[in-house]
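See structure below.
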């Protein structure tokens, strides 16, 4: 390998400059909070019991009647709750909430990959992950809003269960992490490799082709 080939190989092997401790800490905190939000939202949707009104328990999956000193009697068929549009509306709410979790998982994956595999595309991967979290926030908020609209006549502030507040917290964390991720990305300029590296890549050179 000639000196030119060795120089080209060195240029192609350049990595992104080392991040500051503060930037690495903030990005790690965003990833951890996103993972927590995914867990909270997943548990809340799987349980699904979001509103307790007197002896009725409303959820994404079941409608339950609670008797005195007896176990809750739950019905999977929400149309038996005798509330127009409840079955269709709850189907929409849980579908939107579930899609929010899926979007958040993909967003979390992009955030992690951008930190583990640091290269010239790390900045773009982080931005994509942050936008996916923003999509998760919109979908999660849509699910919460749909649930509230369907049961607006039965809702009381103290009637919301712990699972509802878990979903509310997860939705807030999706927004907070998305906004923080996009903001920190705007503060850190994307790394551009030297012009020589781009020229060698464009012409198809590598360390073994120059002899």
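Each Cβ is built from the backbone N, Cα and C atoms, and glycine gets one as well.
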Of the ranges 57-76, 157-176, which one does TrEMBL list as transmembrane segment? 157-176
Can you dig out which of the ranges 92-114, 184-206 TrEMBL describes as transmembrane segment? 92-114
With Cβ-Cβ distances below 8 Å as the criterion, list the same-chain residues six or more beyond the ends of the transmembrane segment (157-176) that contact it, or say none. 33-34, 36-38, 40-41, 43-45, 47-53, 97, 100, 104, 133-134, 136-137, 140-141, 143-144, 147
Residues sitting near the transmembrane segment (92-114): Cβ under 8 Å, six or more positions beyond its termini, same chain? 27, 30-31, 34-35, 37-38, 41-42, 45, 48, 60-61, 122-123, 125-126, 128-133, 135-140, 142-144, 146-147, 150, 167, 171, 174, 178, 181
